[in-house]
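Structure record follows, encoded as structure tokens.
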Amino acid sequence: MSIDLSQFHQVFFEESFEGLDVMESQLLDLDPANVDAETVNTIFRAAHSIKGGAGTFGFMQVSDFTHVVETLLDEIRSGTRSMTREYVDLFLQSVDCLRAMLSSLQAGDEPDGGRAASLKSEFEAILNGGEAASATQSQETAPADDKPAGWRVTFIPTEDLLQTGNEPFRMFRELQELVGDEHMRVVADTSYLPEFTNLTPECCYLRWLIEITTDIEKSAIESVFEWVADECEISIEPLDSVVADAPAAQENNAEDGAADADESSAPVIPAAVTAAVGAANAAASASAQKSNAQKAAKSAEPSSIRVSIDKVDSLINMVGELVITQSMLGQLGQDFDMSRLARLQEGLSQLEQNTRELQESVMKIRMMPISFAFSRFPRLVRDLGSQLGKKVNLVMLGESTELDKTVMEKIGDPLVHLVRNSMDHGLEKTADRLASGKSEEGKITLNAYHQGGNIVIEVSDDGAGLNEEKILAKARQKQLVPDSVELSPEEIHQLIFMPGFSTADVVSDISGRGVGMDVVRRNINELNGTIEVRSQRGKGSTFIIRLPLTLAILDGQLVQVKNETYIFPLVSIVESIQLQKRSLNNITGTQHVMKLRDEYIPIIRLDHIFGLRDEDEEFENPMLVVVEGDTEKVGIVVDDLLGQQQVVIKSLEQNYQKVPGISGATILGDGTVALIIDISGVGNNIESHPHSPRPEQAA
Amino acid sequence: MSAVAETVNEAGSVHEQQYLTFMMADEEYGVDILAVQEIRGWEESTMIPNAPEYIRGVINLRGTIVPIMDLRMRFGLQQVSYSPVTVVIILKVESSHGERVMGIVVDAVSDVYTISDQSTRKPPELTEDRNSAFIKGLVNVNDKMVILLDVNELLKIPASSHVPGLANN
């Protein structure tokens with residue numbers, strides 16, 4: 001069979017990562033003392049699909065490793081072994097290991113077998129050292145140990161085997177080629193043939209017993225049957241250990257039911273099984289998300305998105321309506337006179353409504369529930385908790401809140417950082433908690449909800465809260481704040497977002513290097529979002545992230561500079577005022593500042609930094625737009641304020657390159673292009689500006 | 001499409017390619033026709049701050065933002081004012097991060113020629129000429145010289161390090 005399987009690799013990887021996520025989340029939910037059979041089944045099925053897929057595609061390292069994992073899971077599932085915390089840890093490690101293996105395979109590298117081998121030997125030690133497992137399973141575990149003289153294969157196809165296009169004799173022939181004519185004996189069992197009158201010619205009633213008398217690998221036999229694994233019951237047993245009565249073995253298999261059939265048989269085609277698992281488990285697609293994110297980071301591979309069929313259907317409906325409106329308008333236009341003006345207006349307003357609805361539903365396609373971003377946290381909190389010796393209860397709320405896929409991908413890392421921070425700095429040590437009358441178990445809450453056109457994500461802990469004195473002392477020590485200045489608690493809280501700030505006494509590998517919060521803040525600002533912190537001593541702190549629902553649309557303020565129109569993101573504008581010449585000052589001759597109420601804010605002339613005007617050219621009635629960039633308020637001088645409108649963000653980099661001070665472009669109502677100002681980019685520029693000497697320099 | 005065209009040609013003994021040619025300062029230049037997406041009239045564009053002078057700005061091409069380069073300015077030729085026959089050739093190339101679309105302003109579109117690789121001559125090596133990187137070869141068509149341009153080189157915009165102003169960010 002010469003199908004190029006590599007075209008399915010991407011699907012296999014995506015589904016396997018999904019499967020791993022399912023395993024992980026189920027393992028974390030698992031309470032070893034009180035094991036839910038269905039949970040174990042779900043984990044088992046996920047592992048089994050990965051094994052099957054890996055086998056099909058020839059990733060033998062993955063399938064071999066998954067096999068031992070699966071074997072132990074099966075023993076737990078069948079009740080011969082009970083779940084313990086050690087097993088859960090081992091399984092979680094295996095999930096990590098598999099994920100690493102699959103990632104390197106996906107990248108086209110050879111996976112590092114060392115970790116898998118050591119984990120595998122741990123599994124084998126458990127399996128072999130444990131209480132006597134059922135006969136077939138132990139054989140399955142270590143078939144290589146006792147090199148059997150041959151194999152007895154019992155092959156019981158389902159009746160519709162032939163209808164799925166599988167031909168048993170082809171497989172027998174393949175086996176024959178594998179082992180040679182003289183080492184194989186095939187016996188057909190015709191006892192299940194119905195009476196001739198009841199016989200359906202398309203059905204397969206025969207069963208086969210195949211004896212192979214050579215020491216071929218069991219996996220080789222399995223691979224012959226792997227395409228029919230779903231349509232048959234098959235058992236492969238070492239020849240010498242099998243008791244002569246085959247019917248008994250068959251009965252055993254029949255009792256164990258369908259699930260056992262694929263467990264003991266060869267790999268199955270992954271799509272069928274994962275589809276079932278995935279559909280049942282909404283959380284499953286989370287991994288598609290994550291793996292996509294990883295992919296995007298690594299290379300420019302096109303990433304995919306899973307869209308529920310409802311969303312697609314509603315889209316199709318709307319396009320249908322649009323077509324109807326269009327044909328209605330078209331008819332109207334063919335012989336139009338003024339008497340039909342009312343109908344035309346009606347049609348146009350219908351068109352407007354259709355367009356708006358269509359736009360909204362297209363946007364919805366990119367929206368995904370935030371549970372995709374949240375799903376990694378149970379594991380993270382669990383691992384980190386045991387590392388830090390803190391007991392932590394993670395509460396996640398509003399997981400179905402939807403936000404844009406791109407925003408989601410970019411918010412993951414900052415959220416991880418915040419949660420790590422909360423666990424390391426926020427929550428006190430268990431002893432301290434008890435001393436201050438709190439419960440032993442710390443609580444971290446992740447909450448997401450919509451507010452206006454924004455999504456708000458809160459990360460809160462019930463720890464000690466921010467220590468204002470310590471922060472202020474540290475800031476003074478690092479000379480971020482002059483000694484003479486007194487700050488309000490809120491202002492002190494903001495200090496933690498300053499670059500290079502950390503109050504952790506000991507730098508751990510979790511946090512404390514002081515590269516954290518400013519990066520978090522910058523990442524969030526890049527998404528046109530904001531972050532603030534609220535904290536109460538002894539009660540805990542809450543980080544509040546506000547993000548736009550989508551990156552594709554922005555509320556913009558149109559401004560005019562000379563003949564050009566630019567767009568300021570509305571979120572960053574603090575206020576707009578008439579520029580008063582007399583309130584302008586300059587420091588060190590190069591930098592204008594303006595006194596605005598109690599503050600001095602630096603002034604940037606957009607026409608200068610964009611090279612639109614010469615320095616000495618004056619202009620009338622300038623407006624000052626006060627914006628808040630990364631940290632500081634900055635005043636930007638423009639000629640005039642035009643309207644406000646929602647603009648669709650288009651990439652300038654796609655066909656051109658990154659332009660300093662410009663974050664993107666958009667198309668205005670008249671079809672012309674307007675550029676969107678990158679506030680922090682413009683703001684950062686004020687220190688180093690070699691281009692235009694300012695008037696003061698010349699003077 | 002490009003793949004098909006080339007396989008067909010490779011089947012024959014001679015590798016042939018079609019070129020769209022255009023006029024600029026009385027010289028005829030050719031670009032690989034498969035890189036040409038469309039030809040448009042000149043329209044006003046939106047200036048990009050601190051861009052090289054030969055980047056006239058960006059236009060809205062059915063929802064895509066497309067930069068427009070003045071090829072005369074790129075080659076350091078004398079500038080002319082745009083007239084009704086001034087055209088913009090929209091070129092599309094594959095780059096490391098996907099497709100890139102860019103327009104070039106030329107004086108007028110001329111013709112389409114089928115040119116075999118063998119008839120193409122290497123340009124004389126002129127170390128003085130800063131434009132030689134763009135030139136793929138020279139070819140004679142009907143006793144006229146046509147300068148074949150390398151579209152990939154043509155659409156490369158040097159990193160904006162030499163651009164004053166905000167570039168140091």
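Any Cβ shown, glycine's included, is placed from N, Cα and C.
Feature annotation (TrEMBL): of A:173-200, A:313-340, A:341-368, A:565-592, the stretch labelled coiled coil is A:341-368. Over all protein chains present, the Cβ of A:H48 (phosphohistidine) has 25 other Cβ atoms lying within 10 Å. Outside the coiled coil (A:341-368), and at least 6 residues removed from its termini, the chain residues within Cβ reach (under 8 Å) are 289, 305, 307, 311-312, 314-315, 318-319, 321-322, 325-326, 328-329, 332, 402-406, 408, 549-550, 552-553. According to its DSSP assignment, A:H48 (phosphohistidine) is helical. As a whole-number mean, the pLDDT of the domain 'CheW-like' (A:553-688) in this prediction is 80.
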